[in-house]
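Only one structure is covered here, and it is reproduced in the block below.
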Amino acid sequence: MLPNRKPPRPSPSFQSLNNNNQRFPLRRSLKIAQAHSLPTVPSEDAKDDDLITPELSTDFDFREIQHRYLMALQNEQDGETTSTDDAFFELDDDDDLSSPSVPGSPVDPPSISVPLPPKSAPPCPTQPAPLTNGDLYPTILSNGTPIPNGRITPALSTVSVSLIHEARLQQSLSTPCNGSEEEMHNGQVRKESEYRRFKSEGSTAGASLPAAEKTHMDELSPVDQRSTSGTARFLIQQDSVVNPSTKMSNTEQVAMMHTLKTKLSKYQAMMDKAFEEIAKVEDANIIEGCTIVRKLMRKVWNTPKVSADLANALCDYLRDRDYFDKLIKMFISPNTAACDQVRMECGKVLEECTSSANLEYIVNKSYTKKIMIVAMKLNKTPDQQRLSLSLIGNLFKHSNAVSLSLIETDVIDHIILTFKRAPECPDILRHAALALANILLYTCFEGKKKIIQKKIPEWLFFLASQADDVTRYYACIAVCTIVSVKEFEPLVRKSDTMKLVEPFLQVHDPATFARDYHKYAQGNTKEWLERLLPMLQPSRRREARSVAAFHFTLEATIKKEQNKLDVFQEIGAIQALKEVASSPDEVAAKFASEALTVIGEEVPYKLAQQVPGWTCADVQYWVKKIGFEEYVEKFAKQMVDGDLLLQLTENDLKHDVGMISGLHRKRFLRELQTLKVAADYSSVDESNLDNFLMGLSPELSVYTYQMLTNGVNRSLLSSLTDEMMQNACGITNPIHRLKLTQAFETAKHPDDVEVAMLSKQIDVFISYRRSTGNQLASLIKVLLQLRGYRVFIDVDKLYAGKFDSSLLKNIQAAKHFILVLTPNSLDRLLNDDNCEDWVHKELKCAFEHQKNIIPIFDTAFEFPTKEDQIPNDIRMITKYNGVKWVHDYQDACMAKVVRFITGELNRTTPTTKEMPSISRKTTQQRWQTTNTVSRTGPSRSIGGPRMEPPTPTFTPTGSQERATSTRRKIQPSASTTSDRN
């Protein structure tokens, strides 16, 4: 007799198939064994709930049972009843049976009258043998591989046992028969238990109800959810373009539909009960009912595979039963104002239930602006502000006309004001980025123009600099949506936000990124993807193509789980992705190739970004790709490679290639110039000449290769004459020659020229510690740019090998140096006598070049207790005046920063009168030395040289307006990245 031990957990390879429903209770196992005359192996003290598997005979074949199951389903659809021999498929776990047969009784193979299944049916193992742990494993696999002594190796265990469980899964997916009254009652008890759990968790109104049984909700479902983790669920398991497995098996599709049908019926009943509670009108009952619906919808959005279909079906059910309309009326009703919690709970349900169909209902019923007005009034608490932004973002996902009508209100100002005053609330910042992304995707040219006037590109820089990945991601999508419009590209470039896009994409995996937000983890709608599709066009900026390709890879991973990959063919994304995948854009091509692999499409030929190394075949492919297929043979005949392609002139195209049409030549040269700017010359450019020309003006990069082939490097630039530029370097445009000439007027050394050019682009350099000061530094940058200052902040990567000099040149070029001091920002420079820390290097450079240093102190910052730990060359910073930053009074803080910049407050070098009165122990002690404040009328005059925290009554002088009016127009500010953590 075998010991009564439970079998081990199945291997992960078939865990998603058996769904934990493949083990049978004792009674069911015995009845199945009796129905097929199979011997059983009961344990000595077996109980009803013990898990045990019947021992199968040598001639037993699971393919036969699988085929019988399919025949039973067909008969059921045709109105026929199955025979009693098919009891294997009709039994429930709760069926009561008599005592089992004796284990040693003779066994006859089951007689099956139906024909055998086709050869395409999955192979099944035979001759299982019991092991010491109570499991049954086959001694001979279907391929004839023998297993000595009935033992199975780990390598074979997954294959063989998964086949058994797959067969059992198909058995469990048959349409359930009408059970007995007792069974129906048991099912009702299960639903009641789950309903009570929703009602009791996290709600005070239902505290008097009996507590629900402590059972995980997944255990109450007829078909359990997959037990794989969220991370594993989104991993791309396909890294080859050969026969990609993009389609679900029939078993998985049946399981998915069964799960959807079962859960939908159960959740609809729970919705009805929740709204019965809401119908009682009392505030406590309304809150209780809304809490149940909200938690239910939150669970639905987290359901694997079927979440989108299940959620949309429940949203339709709410609308069809007038529940959705009732929620809207309670949310916008003036009577609800008496109880903010009722309005909040109604709003949270609307947040989860605003599907495309329900949004159409809102628009048709003219509820849009009413909901918008009420949502904008939710601004008292962080939870209200989060809900406000979430509802606003959902309302924009309808059409251009609706979006434009909403933009004409103060909604953009409301969004900016909400997240501007909550920089330390990740949820608010996340929903702000989501709202702006939806607004920009669902609005027309006129709407985008109005948004640009609100300085949204600058604010997107702040959102794209946050620690939360979802916030950064949707901020990148939003800014790329704006820059896709050619007319807005110059304005967006000035904000520096575009420089944050590709560095973010390069360190993230689209396959695992979607899980970070429950509602967006199941993908966006077809209409949303259609609006993103134009960003893949070759005429768009490189960053826009990269973020679009990233998102389509993310969506492909999700849609594959949902078996909805056809949507990409329907919207025409396949061809667009193939074009991007074959382009020289490294980041965009990488993600486009991944998307095509997941979808199951062939990845096209990939061109390298190192154009000088292209072969003749590469050039011919590129010529065909840009639309000049009729000239491919001419390029092949002339054996044009990457080197010759970069040196082609209009005369070469006309006489050697035979491109007679002048318009054809112009269009070809336009594509060639774009290629020259995007090309990577690092293999032939040792002096970083291309980087220098790009820093002066991106359009000068088209001359890089011809200058390199003629032996020009950075050290020779100052010696070039106008004639040499025109003849040797090929700079035929006189304006371009003038730009280079002006760059060398103030200095002859290339480094001095670079500083001189940077001084025309930078007013303020911001130094900060990335680990703690990133958010505050990015906020200060945006606020300064809005006041007309050109700001440098090190957020982008510098070229390898030139990091030190390039960063310090920006400090030399700037007139003002802002040091953002946040908690622990000086810890890494303590006792740094070798000047290895980057904040130390930056501050030392600012002192050496006598910059106007302005410290900005976070409220939690404190100077080190021992002053001698700070290196001597920067120790003077402890005696500098500065601004204490308080987020509630940002305008007052920034006004004081402007006064430091304009010189109205004392300059950076401390006076001898100030030094004796300075105590250097902590910032808090320094602030305790308050100054005398005299009030005259509504204004304040602040005396004394020490720092004072800004207050709501602080009134800045008119210097800000005077300074802004005299400043030059905002210019794009350079940026870089350093190891500042």
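Placement of Cβ uses the backbone N, Cα and C atoms for every residue, glycine included.
Quick look at what Swiss-Prot lists:
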- Glu842: active site (ACT_SITE)
- Arg769, Arg770: NAD(+) binding site (BINDING)
- 87-97: compositional bias 'Acidic residues' (COMPBIAS)
- 115-128: compositional bias 'Pro residues' (COMPBIAS)
- 182-200: compositional bias 'Basic and acidic residues' (COMPBIAS)
- 614-678: domain 'SAM 1' (DOMAIN)
- 760-857: domain 'TIR' (DOMAIN)
- 1-31: region 'Disordered' (REGION)
- 74-128: region 'Disordered' (REGION)
- 173-225: region 'Disordered' (REGION)
- 908-981: region 'Disordered' (REGION)
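For the pair formed by Glu842 (active site) and Arg769 (NAD(+) binding site), distance between Cα atoms is given as 11 Å, rounded to the nearest Å. Comparing the binding-site residues Arg769, Arg770 by how many other C-beta atoms lie within 10 angstroms of each C-beta, the top residue is Arg769.
Cβ-based neighbour count (10 Å, all protein chains) for Glu842 (active site) stands at 23.
Mapped onto DSSP classes, the domain 'SAM 1' (614-678) shows 48 helix, 0 strand, 17 coil. Using DSSP to sort the residues of the domain 'TIR' (760-857) gives these counts of helix, strand and coil: 42 helix, 19 strand, 37 coil. Note on the domain 'SAM 1' (614-678): mean pLDDT across this stretch is 91.
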